[in-house]
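What TrEMBL says about this one:
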TRANSMEM  7-30  transmembrane segment
TRANSMEM  36-59  transmembrane segment
TRANSMEM  71-90  transmembrane segment
TRANSMEM  96-120  transmembrane segment
TRANSMEM  132-155  transmembrane segment
TRANSMEM  161-179  transmembrane segment
TRANSMEM  205-231  transmembrane segment
TRANSMEM  243-263  transmembrane segment
TRANSMEM  275-293  transmembrane segment
TRANSMEM  299-320  transmembrane segment
TRANSMEM  332-351  transmembrane segment
TRANSMEM  357-380  transmembrane segment
Amino acid sequence: MIEKKRWIMLFLYCFLQWSGGSIWITFASITKKSESYYSIHAAVLNLFSLSFLIMQFPMAPLSSVLFRRSYYWTMMLAFVISVIGVWVRVLAERNVAIALLGQTLVGAMNSMTLPGCAVLAKVWFEEKERPITVAIASTSSLLGAAYGLVIAPYFQNIQNLLLSQAAYMTLSGILNVILSRNIKVVTEENTNFKLELRLAMKDKYLVILIILISSALGVAYAITGIIYQILEPFGITEKQSGWIGFSMYIGGTTGGLLTSIVVLKTKNFVNPIRIFAAFSIFGIGFWGALADFPIADVIGAGFCGLGLYGIMPLGIQAVVDQNRHVPESISTNMIYLIAQALSVVYTYPMVYFDSFAMVSGIWLGVGLCTLSFVLLIMIYREILIEKYKEVNESVASSMKSVLNVQVN
């Protein structure tokens, strides 16, 4: 029975993330149609996708606290507020401010539950099952975004598009209430959120790894959020941009599952991370070089997604393994927080890169990814991994001893 329950819980998490992913990317492939509907400029329209990324700032620390208390009730809260958010968008009709409020509610819950993939794996699954669980859970939003990019241009009426999204988000909420189950989690003694956060901040090697992995992931988030605006100068239509984005996300899902299977078999993160880092540079470079051709865009976006999004679950597992004294929710949140913060920073420079540099914004992404991944390949080595794991043990023991003395 427990075996069946754990897969139901995984399905429910994936349904929420899938729905959120499709809503995040709602207007990315239909920029012109959306500008006309809301009577706003694309620069303002981008706030709908950026709201998901911006909400990571307040929600990341909150989610770490809430998931420590209860995975079940945190997810229940996320479902309820997400359902409210999608119906606010529908009822807002052409009112931009109210529609953006509804979008922000969904974005806040999406940001809050992103690190839940690692928490879900720890709470419901055995250790040997966790890599593939994290891969499935963390890439479910990519499948949702892939669906959202492809389907949006085929809706003639934006209100109908919003209504369809409200319908399946509501369905996911109803299924969660019916099928979701609580489980008592035995926590380790003397756990302390502030202590664990300090341990993460003191581990400079861990922080550097997270920044480098997040930097390239931020490029992927930024590109997909403005994909039509980047590709429009090449004569790409909205429908074509949807399929190009779809290819990127399918590549990302495939890469994420592949990296997790590799980790499951080898129990080693070094070579897989190096391979996918190199492949990421090749993928986005190939895309940038051939962006003039729609078919090449589809292939290049697929390669780019395979690398950039494919490294995501691998990176999550790597940083969780690097410091076992830092909970999964904190280390995973740090990856998403930095990635989404950087994607906000990258978005507008990528949109306008073509105007002042005379080349596609994709090439700005190529430069950022190359810098991040070359540095990652240089520092992610067995000798440094083991060295800093030993340092972590010493620092954790020292800080816990001081805490015990203070408590007593």
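In case you wondered, yes, glycine gets a Cβ from its N, Cα and C as well.
Annotations in TrEMBL come from automatic prediction, not curation.
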## Note on the structure
Of the listed stretches 205-231, 275-293, 299-320, 332-351, 357-380, the one with the highest count of C-beta pairs below 8 angstroms to the transmembrane segment (7-30) is 205-231
## Note on the structure
When counting C-beta pairs under 8 angstroms to the transmembrane segment (132-155), the leading stretch of 96-120, 161-179, 205-231, 332-351 is 96-120
### Message
Against the transmembrane segment (36-59), which of these stretches has the most C-beta pairs under 8 Å: 96-120, 243-263, 275-293?
### Response
96-120
### seg_contact(the transmembrane segment (275-293), the transmembrane segment (332-351)) with at least 3 CB pairs under 8 angstroms, min sep 6
no
### Range from 71-90, 161-179, 299-320, 332-351, 357-380 with most C-beta pairs under 8 A to the transmembrane segment (205-231)
332-351
### Proximity of the transmembrane segment (96-120) to the transmembrane segment (332-351), 3+ C-beta pairs under 8 angstroms
yes
### Message
Within the same chain, where does the transmembrane segment (332-351) have neighbours whose Cβ lies under 8 angstroms from its own Cβ atoms, ignoring anything closer than 6 residues to its ends? I mean 6 or more beyond.
### Response
42-43, 46, 50, 52-54, 56-57, 60-61, 63-64, 111, 114-115, 117-119, 200, 207, 210-211, 213-215, 217-223, 225-226, 229-230, 312, 315-316, 319-320, 361-362, 364-365, 368
